[in-house]
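Visitor: Let me give you the structure first, and then I'll get to my questions.
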Amino acid sequence: MDIDAEREKITQEIQELERILYPGSTSVHFEVSESSLSSDSEADSLPDEDLETAGAPILEEEGSSESSNDEEDPKDKALPEDPETCLQLNMVYQEVIREKLAEVSQLLAQNQEQQEEILFDLSGTKCPKVKDGRSLPSYMYIGHFLKPYFKDKVTGVGPPANEETREKATQGIKAFEQLLVTKWKHWEKALLRKSVVSDRLQRLLQPKLLKLEYLHEKQSRVSSELERQALEKQIKEAEKEIQDINQLPEEALLGNRLDSHDWEKISNINFEGARSAEEIRKFWQSSEHPSISKQEWSTEEVERLKAIAATHGHLEWHLVAEELGTSRSAFQCLQKFQQYNKTLKRKEWTEEEDHMLTQLVQEMRVGNHIPYRKIVYFMEGRDSMQLIYRWTKSLDPSLKRGFWAPEEDAKLLQAVAKYGAQDWFKIREEVPGRSDAQCRDRYIRRLHFSLKKGRWNAKEEQQLIQLIEKYGVGHWARIASELPHRSGSQCLSKWKILARKKQHLQRKRGQRPRHSSQWSSSGSSSSSSEDYGSSSGSDGSSGSENSDVELEASLEKSRALTPQQYRVPDIDLWVPTRLITSQSQREGTGCYPQHPAVSCCTQDASQNHHKEGSTTVSAAEKNQLQVPYETHSTVPRGDRFLHFSDTHSASLKDPACKSHTLMKERPKQPLLPSSRSGSDPGNNTAGPHLRQLWHGTYQNKQRRKRQALHRRLLKHRLLLAVIPWVGDINLACTQAPRRPATVQTKADSIRMQLECARLASTPVFTLLIQLLQIDTAGCMEVVRERKSQPPALLQPGTRNTQPHLLQASSNAKNNTGCLPSMTGEQTAKRASHKGRPRLGSCRTEATPFQVPVAAPRGLRPKPKTVSELLREKRLRESHAKKATQALGLNSQLLVSSPVILQPPLLPVPHGSPVVGPATSSVELSVPVAPVMVSSSPSGSWPVGGISATDKQPPNLQTISLNPPHKGTQVAAPAAFRSLALAPGQVPTGGHLSTLGQTSTTSQKQSLPKVLPILRAAPSLTQLSVQPPVSGQPLATKSSLPVNWVLTTQKLLSVQVPAVVGLPQSVMTPETIGLQAKQLPSPAKTPAFLEQPPASTDTEPKGPQGQEIPPTPGPEKAALDLSLLSQESEAAIVTWLKGCQGAFVPPLGSRMPYHPPSLCSLRALSSLLLQKQDLEQKASSLAASQAAGAQPDPKAGALQASLELVQRQFRDNPAYLLLKTRFLAIFSLPAFLATLPPNSIPTTLSPDVAVVSESDSEDLGDLELKDRARQLDCMACRVQASPAAPDPVQSHLVSPGQRAPSPGEVSAPSPLDASDGLDDLNVLRTRRARHSRR
């Protein structure tokens, strides 16, 4: 038979079968092609980059199928007619028949299912449809696989697998489509969860539905009524079970993690073939099941994972997950381990990888589309996200880098306004040449409307430092979230500037020569301006790119910016400057190198002192200047020698003083190490050797020198800044740095200018009278009334003082060897140090002309414990009560804050008897802090060395008053010299004599020179006359002043011992008094000498009756407002008016709040320490007055006393004025006491070297270094004076208490320690504030 005929016959048979099977359709191919359209869903699910590759084969396939259906290939008609061809055709037809038979069986199964559905719908039953899960509709599997590109024109079957495909299959190599891993989306996760619940529900309902269907069929066949009822009961039970299953919650239907589900059905039905069954199963069992923890891994959990994985050899991850016990799957454990494994960590891109990626992109890109998922197949160890990020952020040649142009910023702002601040992928297309990351960073970090640009203020810098300490360096986004109006890049840039500035400052300190360092206001201002320029420059240029290279370039550029000019704060004017030692050595020790006139004046005057009467610096004073100071004196050390010469008239004519008034600081050039290292500045022969030696030891001294300079800067800033408030004081020896006496500070020059300006006392009186609102007319009236009283009233007050004076003389005679006397040279040294203002008694000390006795050396005693302090306090209280009860009521005079001032006799040669008139003691009751006027007993200052005792720096806290003699030179501090004596006080016969002038008037006077001590209300001066005692030594005990205690009946006079510590000698049981010559006539001496500040217009008479010209009163002199402040006159006048000052409602006047000073702070602290005792005394007063019984300090007694005071003194103007003054003076100190600084301890600690934990690291190192220096300083002081108590005890001794003996004062007083620690804490507070700035 012809082959063509057979072929035609077979074709006809096939078409006939098709018509029989599908009478309503043209061909089977139509069904297949229609079902194949579902493949578009897969193409839709693919990513955009693969759409083109997936769409191209489909289009080609459709075109080929249409061409094959329309016309036949002409090559098919020319087949050879041989048996081989027939066999091949037979094989092809067999394959076609098999495929058609499979399709027919599927269609039959589908037809059968459709018939069942139709029958089920027609039956009308409400029971659920019973469906076999194994017989799924065939159309679900048709069309979900890509058809081959080429297929047979008749059968549509493609060619068999080629050799390459078969080889890959045998080797297990996956196809390219199988290598694609797409990320699971949120809707896919939700669909997976829903599919698992549906499959679980179907598995539970299937047996119940089959049972229900069986019961229905059986019920339809049963005829008896009983069987039908039993079946109905079973049907109801089955329906109830089905309802219970339908009501199960979703969590119960999810099942366990490893439960089996029909993953094939879920993959084909629910996911429509987009995900394979195996991929879905792995994702559900490894990540998505609810029992798997999806929280972030903690650090402890990761560490445990590493340890457990190491025990299992990094295998058996399911065992690792079980042992970990944190609901993690094995896949999660493996994935996290790979992330933290350094061997598997992704490394940086190499040049070869960049070159390969660039080449692949250029070859495989189609227009703007880049198939990253195909390119990653050729990049081993990289994923598609890495490729996208690397190409779009770094390798794309169209990207721009560097600064943004204004046009680009404008385009970026327009794009943000158009698309919003989120669609950066669209925004980048509006800004050509910039990536989405660049656009986002530029807008958020620079162009956002809420960002603040420009210089950082101090508050922002402080917040930045605190946030860096809180979160650490590197968390800039977190820091910027809490720092308003600043971005993370700004915070990073500012932190780099601060760190570089700190390192530069430390490096600058380390590289600076040892003696050429200069700390001045210009340095601080330049650093501040550099900070400003750096911050502004970095803010303008650092945000253009996220890389550190550009940021460093911008920081380097900001260094070259010119610092902008701005006003330097006033506090910077007080920054000390260091002096070049070699320059000071060439110009003379103790002089100022910038002004040689001063040096010449000082040296010449010291050499020709015996020839001229000018006020110059003696050799002893020069030696005093070279002694290392151990006290924090606010007097600048460079100008201490001028304290002896600033009250005389010659100083105004001296050209050196005139040059000091015009002194300006010049920048000092650092000298070579050779000129500084040598002992002799003029020795140039040893220059190279010294230079080499200096360079060899320079590196070893950097740290110590940096610490010393830093500490010295902070201390001088603090001490010099508080000079205008606290005046001229001595601070306790705590951490005094040692420096040469020739070092000059700017404060020295300012103080010299003030001292050369010879300020009179009248403006000071006028100032204080106006500040405290003193009634001058009333004071004058009281003065006149007191002067008119007879002198007989003095007798009752002197009866109690004579026995004490006799006892004092006897005790002093016995204890003469224990108290080494001081020469005039020592007195001059002590006068050069200002006494610390105290609210206590002022002590005078005798200065007989004896040879100084060196104090024994030894270790400092151990501080007392708390129990010892409490025991001493109880003893003092008991002694005070006994003394109060023993004393009688001898006078009704009210004396407050007694201070004993006694003049001594003229010194006589050692060993000669005391011949002269009988001595008498003068007792002056003055109310405020002591002053010191020291004079020399000899006519000239001795020139020569000083003893070992004199080399120890004195620490005087009190004032020694010596009578002036022939050749006497009076050295008074500038602060007290300005307060010259006013008429109406103790008759002195005129002002204090100046240096270089013989005070002939002072020789004729019998009373000592008493400096005025100001107070708000008039005080009384009581003179007690002592009969002559022969054989009495010159050093005697002082008379005890009368202190008055208010009781319910009258005033009690109590003897208060004046206890003052001597730093260089051992204390006697009571203080040493000074004796003066007897008054010429008791009748000529007034009984009571008034000493009010306002009584300056009276005309006092001298002891010989001569008239003294009166001084104009304060009301006649103009008020010098420059004494208060350097601000404008209008501001000072407004403050003096007290518009916002202290005000007590009954009074109509206001009083301005006074600035805090050391005096007010100490007074407030003393009041707070004695607060409990004062409350008890006030309570006892109120209780005794109310009930007349024993005082009962119980609850309510204090309130009763307050009500009593309010009721009795409600309209008393004196009480109201006192209350107003109290508020004016102590309001600001009390307010400061309520504001403890940050990180500074407010309690007193016995360890003076402990520093707060929040101090910076540099200050901590400085504290450790200074601790050793402090111990050395303390050891030196203990060796000089092992038993020298602090004079702070002078105003803290209870009434009636005896003075402590030398044995009792062996250990330092706790109050003294607390006082010194108070000063130390104040210093540390100010220093910590400066360091934070």
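Each Cβ is built from the backbone N, Cα and C atoms, and glycine gets one as well.
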Visitor: According to Swiss-Prot, which residue out of Ser936, Ser1294, Ser1309 bears the annotation phosphoserine?
Guide: Ser1309
Visitor: With DSSP as the yardstick, break the region 'SNAPC5-binding' (84-133) down into helix, strand and coil residue counts.
Guide: 40 helix, 0 strand, 10 coil
Visitor: Where does the mean pLDDT land for the region 'SNAPC5-binding' (84-133)?
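Guide: Computed over the region 'SNAPC5-binding' (84-133), the mean pLDDT is 81 on the 0 to 100 scale.
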Visitor: For the domain 'HTH myb-type 2' (396-451), what does DSSP give as the number of helix, strand and coil residues?
Guide: 33 helix, 0 strand, 23 coil
Visitor: DSSP says what for the domain 'HTH myb-type 1' (289-343): how many helix, strand, coil residues?
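Guide: When I sort the residues of the domain 'HTH myb-type 1' (289-343) into the three classes, I find 34 helix, 0 strand, 21 coil.
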